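**Q** Submitted below is the structure of interest, expressed as structure tokens.
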Amino acid sequence: MKFADAMQCIGKESLCFHPELNVFVNYPVLIGCHIGYLVVIVLLYKFMKGRTAYVLKYPMMLYNTAQVALSLVMAINLGQFLVYGVFNLNGGFTGTIEYWIFVHYATKFLDMFDTYFIVLRKKEEQLSFLHIYHHVTIGFIWGLLLHHGVANGTAFFGAWINSAVHALMYFHYLYTSLGYTNPLKTYLTQLQMIQFALCILHAVLAVVAHSPIPKKWAVLQLCYHLTLLYLFMRFYRKGMRKLKRKAKV
């Protein structure tokens, strides 16, 4: 496997191994796509006003199946770098990591269909601030890392663990779309919070330890995952309170 000097890659302020993909991570694309996401939500809301909710059982089954498959492929291809240390803090940059992080970034735009399905099915109770915040920021941040040439080396960990968790999450969605109840749903939220806690630990280590990636990006990761952990903990507590009220009834 070909490794490159991390500092040379970072100095390019560009994808190091796949510069042909730079067009997909420039600022007009990053900003435009995420503004477009919000515009589509508003337009769909207006379209659905006065209309009956769509069922979308089979489109969602196909969508969730594709998401499980994509997430597994990304997790497997990025997981090979775990042998260089859990966080690969001092790892060299490779074309493989850069490519699969780009794929991971691209899937964040596919993930936006989670929101579109919610609006079309009129499941407004699922459309929380956490949901919108996550979808409008995660792709933008990965795009920033790619745009500045730092989505490589130790950055593999965030994409790997997110892909692994997403494989389980979309399998849950697929399973429940078939009409089954998943008794492990609560543990899935706990797993997501563990993911954020590990990403926070990863960011702290990247700040205090020697790592070729500039510390400002580790600080960005730290701050971002702190917000996600806080919001998910609020969501989890709210869900647990709701379960307790149902149990009393």
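Sequential numbering from 1, following the chain as shown.
Every residue gets a Cβ built from N, Cα and C, even glycine.
Feature table excerpt (Swiss-Prot):
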type: ACT_SITE; residues: His134; note: active site, nucleophile
type: MOTIF; residues: 131-135; note: motif 'HxxHH motif'
type: TRANSMEM; residues: 23-43; note: transmembrane segment
type: TRANSMEM; residues: 68-88; note: transmembrane segment
type: TRANSMEM; residues: 100-120; note: transmembrane segment
type: TRANSMEM; residues: 138-158; note: transmembrane segment
type: TRANSMEM; residues: 159-179; note: transmembrane segment
type: TRANSMEM; residues: 193-213; note: transmembrane segment
type: TRANSMEM; residues: 217-236; note: transmembrane segment
**Q** Do the transmembrane segment (68-88) and the transmembrane segment (100-120) share at least 3 Cβ pairs under 8 Å, sequence separation 6 or more?
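**A** These two stretches do touch.
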**Q** Around His134 (active site, nucleophile), which residues of its chain at least 6 apart sit with Cβ under 8 Å of its Cβ?
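**A** For His134 (active site, nucleophile), the qualifying residues are Leu228, Leu231.
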**Q** May I ask which of the stretches 100-120, 193-213, 217-236 has the most CB pairs under 8 A with the transmembrane segment (23-43)?
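**A** Per the Cβ count, the answer is 100-120.
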**Q** Using DSSP reduced to three states, classify His134 (active site, nucleophile) as helix, strand or coil.
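**A** Once the DSSP labels are grouped into three classes, His134 (active site, nucleophile) ends up as helix.
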**Q** Looking only at residues six or more beyond either end of the transmembrane segment (217-236), which have a C-beta under 8 A from one in the stretch?
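**A** Counting only partners 6 or more residues beyond its ends, the transmembrane segment (217-236) has Cβ contacts under 8 Å with 128-130, 133-134, 137, 141, 145, 148, 150, 158, 189-190, 192-193, 196-197, 199-200, 202-204, 206-207, 211.
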**Q** Which value does the mean pLDDT take for the motif 'HxxHH motif' (131-135) in this predicted structure?
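**A** Its mean pLDDT is 97.
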